[in-house]
Amino acid sequence: MTSRTHAALYQGLNDYKADSARLYYSGRYLQLLSPLRLAQFIWDLCYVLVQTVIVYCFKPPPPKTPHALANRHGRVAVIGAGITGISSAAHAIAHGFEVIIFEAGPKTSVGGIWSNVNTTSGLQLNSLLYRFHPAVIWSKAFPKRDEILEEVRRIWKEYQLAPRTRFNTPVTSVKRDSPPKGESEWKDDPDRSRWIINDGREGVFDAVIVTIGTCGEPNWIQLPGMPEDVGQEQKQGSKKSKKRSRRKSDPTQDNGPPNDEGDQEDSTDGDEHAEKSESTKDSSKKSDKNDLFTKTIIHSSQLDSPSFKLKGGEKVVVIGSGASGVEAVETVLENFGSVADSKDGKNEGVEITMIARNDKWIIPRNTVVDTCIAGQPFGRQMPLSFLWETFLKYWHYRGIHELTPKDLGIYEGTPIVNDEFLGHVKSGRCRYVRGSPVRLTSEGVIVEARQSQKGSTPKNANSNVEEIEEGQEKLFEADVIVLATGFKQPSIDFLPKDLFPDGYQRPNLYLQNFSTEDWSILMTNSAYMNAIGTVGHFHIGIYTRILLTLIMDKNARPSSKDMKLWVDVLRFLKKGATGGALGFFTYMELTIWLLAFHLFRPDRLKWLFFIMNGWGVVSESSSRKD
């Protein structure tokens, strides 16, 4: 049994004892003696032991020493030290490939977006669906930030990646190296690219893994009536430090981080708001230019800032209904409470209103349900998809059916994984308004009716759900406006432009992650738009091992023509799918792609167990000791 297993079991026991003491001293004896609580404790212990079996079967052995590998198979550059970057580098070095990690931030950036969230942030998906590396052992189903960072950094150290990480080194250039003159190691494999990062001082690399994620700087929209300097300080600070701003909330959705790990639907929602603000500039001319909203305006990523404080009684308006909006509502309620909960007429808590241009599907934090939804193999809305929608409507949305989206199918966008938000609306702790923000005034936000949508909007039976009627406008008073408008997609301008010809840019890549022009450029978790599943799972290792296989086996490599054909065939099969063929996919669909990678090329079958399970190629300097 590994030391990490002992630590996880010990942590679970301590948590159970601490919880028991809390219940005892608070006089909650029925909960203290509840057999369900004891059953949950036993389940958590078994959960740790099951993960130990996974570690034994699939964990690649780490290098014994931090020294350079002997008889290496090649060199791989990894851009980004988040969860995906650390996992990719650990897989590569365990299988005999030397790696260098380039990270734009300081040493505290290891762990990516998780290094920038508060301590109460945790997984919304069950951690069995967030095993970003086979060596991970979680102590519970929904670990918090500190445990997640601890596991990331443990793997970073165990696989000797600390001396191979270059901090404060933003990548500004990735270019092909010219073949050397005379005899060289290139002579046995001359027909592929080698790469130089920045000034080339780290040497030549056989491949590059880009793990910058999909959430970059906060997306600050500009509405009429908003001071021009809103967001400028954060924007300038971001440019000066050359670091990507990261969300200050739970990065669990294909963030992603935080969804590594982020919510692409938030970025989309932000773009739509931006387009709307452009279209309403004419209307702003009719309003008083001096009628500006001069109170607090912040981005949702700033809600955890120590400087953001509320006294109680304030009216908070959240603009945006994606995952960032939902998490913004939860953060405000958790930190400051709701007036709906105040007693004896005391002015405690805040009034919070969400302005929603679009409805998003919200699914529960239930491993079985989430896995089954992600198990749909077609990666698009199908005739029977209404069955899942009906199930969610009468189970998860019970008591507040009017919040179910009518213009969006369950397989047409990334759903929000959340158990609390619908209850907040149902109980009156949050007011949900269907409408489009037109402009700001000194008093708050003016909202008009949504643009016409393809579905009929359900009648609002709940008084906490309101819809602005067509042709009408309504003012919602505000003391604080939170822009939950998502994040911009990180730039990949450091890569050669010829890697992404017209029609084959993100997300239209080979296997959704490889450049169609050169298989040696892999963009794990940096190209997707919308999906049902998780970014922090076993596919990170599979994609890395596909890349390693292509370096080692010339016969297994796809041509540019073949890679483009794969994209074109998928476009044909998913013709008419919302967002395009690769704009949305499910985890089952991704698994089918990876299996088809072998089945349609029998010469790759010899690599099947290596690519899918990590068996068969081990570094000579690796050890099985844990």
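Note: Cβ is positioned from N, Cα and C throughout, glycine not excepted.
Annotated range for transmembrane segment in TrEMBL, selecting from 41-60, 581-600: 581-600.
Long-range contacts of the region 'Disordered' (170-194) within its own chain (CB-CB distance under 8 A, at least 6 residues past either end) are made by residues 77, 79, 102, 104, 200, 204-206, 208, 242, 494-496, 518, 520, 554, 557. When Cβ-Cβ distances below 8 Å are used as the criterion, the transmembrane segment (581-600) is approached by residues 373-380, 411-414, 507-509, 511-512, 528-534, 537, 539, 542, 546, 567, 570-571, 573-575, 607-608, 611-612 of the same chain, each at least six residues removed from its ends.
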